[in-house]
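Okay, structure first, notes after.
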């Protein structure tokens, strides 16, 4: 017997909530219109690129997202839509910034944020403990914050069992929404959190209808194709397909919806279908239809409205949905952040009513009649493909606003709300913009002059600072949100010295609202590392955590995130990238530590680079493959233990050549510079000779073709080929012991015949090899990365490097100490933490740095041992490398360009 499938309906217009109705009912244009919970503030979704989603369902029409059709999902919450349904998505994304001045932490209460359907595999109801997810229909509910799941019929029970959301297992590292504030402006969500939405048009100020229009070709006029297809269909059924326009804007932009009705349908039926197509829930008697192609838009009327429609050759008939022009009506006013019990109030207005009258009447209905209307303001909020807010003038007339919207778009009129708010901005007077990509090391006055030239005096900022001189970036602050938005758009379209400026609107965190025992996690993701794994991770972390605690390093580097977290006394950092990315974050921490409450937050790692040596030492694994559950990664961060990492200062003093040839000093572009001392910070190791030579060849190859170096396997294969060439080519580093002089702790060390030396701070090098070895020698202490000692080893050539990499041999132990001095007599390749260059003759001093680094080490027993990459020897190139003992990799940096970070 055929078994009917059922689904739960949550449409607020249904007589009985959560009742079961047969699956397949109310599909297509007939699906129920879902309304935003009046208790929630509208929050815009942050849409991804259109792509293909498997085994997911549309949260609007409830149909399956077919593999062959394009669809989108929200980058912040589990909301999925067909491309054609995106216009009708509810603006009910997670509200991740709810800070309210004057409210005590003890009074904060978080209700669950329920989302229907698309539950994780194996989800079980928190009430009845039975499986509540389904791959056959949109069913079950999940809290977007804590991850609690339930059946539709069990949701009330779950809410009574767990009345307050505690953010689940991630509560110890979750940045609570009540500690974050961000003003509601016309700036889209993706521009605030840094999501790189790939659009052809440049982001710029414009009208709401233009900014959030769909423009899908499905609804644009393509008469020849549509008409020919429908002509055949009409032969089989007695129906008519009619275009419906909802306002002047839809006419101008030629965007419409279609309805299919019987040729004998009445005017009332056609009107009902037209309202349903645009999801209009107001009283149908307030609307009427006109024949679009008729002279003077003739009113559609019975007895035969369909047959009387004017037809043009090659086009189907069209109607215009209009709003009755009356002198009075009713509007809804929502309380926003005001602490009242009513979700909204309904107020009768007429042509003479003003915003002042509406505020006064709303205060009475909300039970706040004792408060002064002068202390409040009313905002117009549009929910069309986003959320935009406009503060209304006191003398504006609400009914005129409604009628004007109805002429442009009845759909927009349906999505417009009046929100009552305190006149004083609850988010505070200061709005911060991060500005980057300016030349480094200029004076404050010069930076101010450059910015004012772009902005003009009318949009000048209130203050500037801090300024990150080394990176050519800074924070500017505005007291007026409108000025800040104008400045954001102006600077985003500006460039200086052929570099596009980078501008971000930053949220604000109130540290006193972070509960005791909570150490918020600041997440940095290098999306260029590990192929596309960085993009997958940043999406997952934004859904699991507060998106305002997740930052894309490709959009401003670490500095914006460190600025946002500067007032938090105790927090953690998670760096998703390779060893180069970790060094980058630690370097920025050094620059901002003195201005922050927490100068040395502990750092955990998700390894996305090529070598990932520091991640291996700290037990975070050899490389993220995409198979690990991001939720488990965050749980490991919570359980990790804090340890200290020694850091070392490497100083290069060039030889004094009396004004002759300039020394080739290192900078981030690899070019030559003046004969001045340069200083670097070393976290992992420092190499001179053959390993630095291989690293330099790889670096140059990647600079020439950066797009090819997007996978670990390819990177390692390149190293193998370079190693083979080094074996038969000219040996630049032969007899290295004659070209350098080594002193350790003030004692001269005799070097054996070597082609390279490596100074180790950690016992991992070249993708997990241990050059120091495990053997014990009485003359050396057992090394680690917090003992204040460095280990010096030597390698005899490329074959020796390969044997070290394969674990067949160790390097030659040379010395161990806390202060190292090296004199280089000739040009020599060197590398510090994987950054290579050719160094001219100089003195090199390596000494303990005053800079601190606290790292997070994964707890024992939690590290899953797995082969993260194909074994190189399985390939033809790998077989040659194995026979010749070629090193697979000696480089540990990932795809980071330190000179052009912003």
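Each Cβ is built from the backbone N, Cα and C atoms, and glycine gets one as well.
Taken from TrEMBL as is:
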type	residues	note
DOMAIN	44-93	domain 'Phorbol-ester/DAG-type'
DOMAIN	111-165	domain 'Phorbol-ester/DAG-type'
DOMAIN	238-326	domain 'Ras-associating'
DOMAIN	327-425	domain 'Ras-associating'
DOMAIN	516-654	domain 'DAGKc'
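Counting residues of the domain 'DAGKc' (516-654) by DSSP class, helix then strand then coil, yields 53 helix, 30 strand, 56 coil. DSSP places the residues of the domain 'Phorbol-ester/DAG-type' (111-165) in helix, strand and coil in these numbers: 7 helix, 10 strand, 38 coil. In the predicted structure, the domain 'DAGKc' (516-654) carries a mean pLDDT of 90. Taken through DSSP, the domain 'Phorbol-ester/DAG-type' (44-93) splits into 6 helix, 12 strand, 32 coil.
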